[in-house]
Amino acid sequence: MARKMLNDGEPDLKKGEEQGKVYDFDLFIIGAGSGGVRAARFSSNFGAKVGICELPFHPISSETIGGVGGTCVIRGCVPKKILVYGASYGGELQDARNFGWELNENVDFNWKKLLQKKTDEINRLNGIYKRLLSNAGVKLFEGEGKIASPNEVEVTQLDGTKLSYSAKHILIATGSRAQRPNIPGQELGITSDEALSLEEFPKRAVILGGGYIAVEFASIWRGMGSSVNLVFRKELPLRGFDDEMRAVVARNLEGRGINLHPRTNLAQLIKTEDGIKVITDHGEELIADVVLFATGRSPNSKRLNLEKVGVEFDKAGAIVVDEYSRTNIPSIWAVGDVTNRLNLTPVALMEASLFAKTVFGGQASKPDYNDIPYAVFCIPPLSVVGLSEEQAVEQTKGDVLIFTSTFNPMKNTISGRQEKTVMKLVVDAQTDKVLGASMCGPDAPEIVQGIAIAIKCGATKAQFDSTVGIHPSSAEEFVTMRSETRRVTGGVKPKTNL
């Protein structure tokens, strides 16, 4: 958990409710992203009368622009994955030559065509999400929602008309927004919102950040032929992931032609005739067509009227909730990125589902944040579940066993691509329980999703070893790693500043 929550207890659902009062809605939700839509549908299925509001649709968000489907569908996971697919074909076409495919003519990449296909898809999904709400009997309002009181929401429509609705429960699911660094010339840079909708393909890109968004866009643009410089403050990208796997990702990025600038920050951006001059804190100068800021996200909570109502939030603007997603105001709840617990779409879906189950389904249910799988859709991708080696060493009292496998995928032996797949298991030496798994290589997210089930169920290394593998496949390596790579003493904090 990234932040301290309110003390929890079995929620008293009558608390905060005015006895005998008739409300317009049992539940009113502010924000129709992944979490909001899931909470609306599930609550309605439990018999609740539900209203939900969302800002007008546009691919690029602002304080007054959003869209049903939220960040993931409109300007996040989905369009990004489409671009990752598009970028992957460049390497695939090159690799195809040794498999007998003769590419006699130049293969041109059409950015505008891909962009239009991406836009068509998010428009389609936006429509699907609206239909899901309608089919569930949820009333959708387009406009900006604010909390007027513990049981009242005000919705400002496009024409300025203000609508007011009472609700027994209010759920905040407004998500988060990309941050910008406070440096001279920052207005010349863009965030991931704009990066997904650029009218012209950037031939030269500078990316600030070492997180998954930065790494993914570096892979996307490089895969499409751009010159990419990735600037980040640590020694390795992807802080918080397993250090060994971070090094693998860094090696792969460099192997595909991305220029890495570790322990570096941006000092200034200057507009020139040739593009944008980027000056680093080391005095190095780079020229770019696009500068992408991938420096984190902040909760969308500023315009909700939280202070007036008395809803508690932290310095970053994240709404503080208990283990049932309830705020300090009994009738007001919050899920997803706006709470800054674990900012992933599947986590928001989990929180929303359990909120509905708690409030309207008669079963008080807490989200479980243990053993949640992650994926970084760089090329090739990284996927992990459970504890990293560093986390296991710090949290485990006894020794920790590390099993690794590094190999050249069968496909690469023919294509000639020099890029190893790396897989890793972290095991508690005393209990034999598999604490974590990592993989960097083709299809890693698809493979690790299956491994996540085993780890969630508490599988041991012996059970992994007794499982018959699928041959030939990369996945079978997870059940054939017999010899430990190293044994590490647990209960100590690893010395790492990577």
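FYI, residue positions are counted from 1 along the chain as it appears here.
Cβ atoms here come from the backbone N, Cα and C positions, even for glycine.
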Determine which of Arg204, Arg233 appears in Swiss-Prot for the same NADP(+) site as Gly210, Ile213, Glu216, Arg239, Gly296, Ala375. Arg233
Given that Swiss-Prot records Ser34, Gly35, Glu54, Thr71, Cys72, Lys80, Gly145, Thr345, His471 as binding FAD, the matching residue among Asp26, Asp337, Asp465 is Asp337
Which residue, of the binding-site residues Ser34, Thr345, has its CB surrounded by the fewest other CB atoms within 10 A? Thr345
According to DSSP, Arg233 (NADP(+) binding site) sits in coil
Far apart in sequence but close in space: which same-chain residues, 6 or more away, have a Cβ under 8 Å from Tyr129 (glutathione binding site)? Ala32, Val37, Val68, Gly69, Val73
Would you identify which of the binding-site residues Glu54, Glu216 has the most other C-beta atoms lying within 10 angstroms of its C-beta? Glu54
What are the sequence-distant neighbours of Gly210 (NADP(+) binding site), meaning same chain, six or more residues apart, C-beta distance under 8 angstroms? Leu230, Phe232, Arg233, Lys234, Leu236, Pro237, Leu238, Arg239
Where Glu54 (FAD binding site) falls in three-state DSSP terms: strand
In which DSSP state, out of helix, strand and coil, do we find Gly210 (NADP(+) binding site)? coil
Cα-Cα, Ile213 (NADP(+) binding site) versus Cys72 (FAD binding site), nearest Å, comes out at 13
